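Trainee: Residues or ranges marked as disulfide bond in Swiss-Prot: Cys5-Cys19, Cys9-Cys21, Cys14-Cys26.
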Amino acid sequence: GLPICGETCFTGTCNTPGCSCTYPICTRD
């Protein structure tokens, strides 16, 4: 889906549901 979750994942984790870390940003389908 939308590629940007509006979240970064410098710590390696994403807090936004449905998002995964593609360093250094969170992405989703």
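Note that Cβ sites are derived from N, Cα and C of the backbone, with glycine treated the same way.
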Trainee: With every protein chain in view, how many other Cβ atoms are within 10 Å of the Cβ of Cys26 (disulfide bond)?
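Mentor: Neighbour count, Cβ to Cβ under the 10 Å cut-off: 21.
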Trainee: Name the one residue among Cys14, Cys21, Cys26 whose Cα is closest in three-dimensional space to that of Cys5 (disulfide bond); these are the disulfide-bonded residues.
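Mentor: Result: the closest of the disulfide-bonded residues to Cys5 (disulfide bond) is Cys26.
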Trainee: For Cys19 (disulfide bond), which residues of its chain lie six or more apart in sequence with Cβ-Cβ distance below 8 Å?
Mentor: Cys5, Glu7, Cys26, Thr27, Arg28
Trainee: Using a Cβ-Cβ cut-off under 8 angstroms and a sequence gap of six or more, which residues of the chain neighbour Cys14 (disulfide bond)?
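Mentor: When sequence neighbours closer than 6 are ignored, Cys14 (disulfide bond) has Cys5, Glu7, Ser20, Cys21, Cys26 within Cβ distance under 8 Å.
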Trainee: Per DSSP, Cys26 (disulfide bond) is which: helix, strand or coil?
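Mentor: In three-state terms, Cys26 (disulfide bond) counts as strand.
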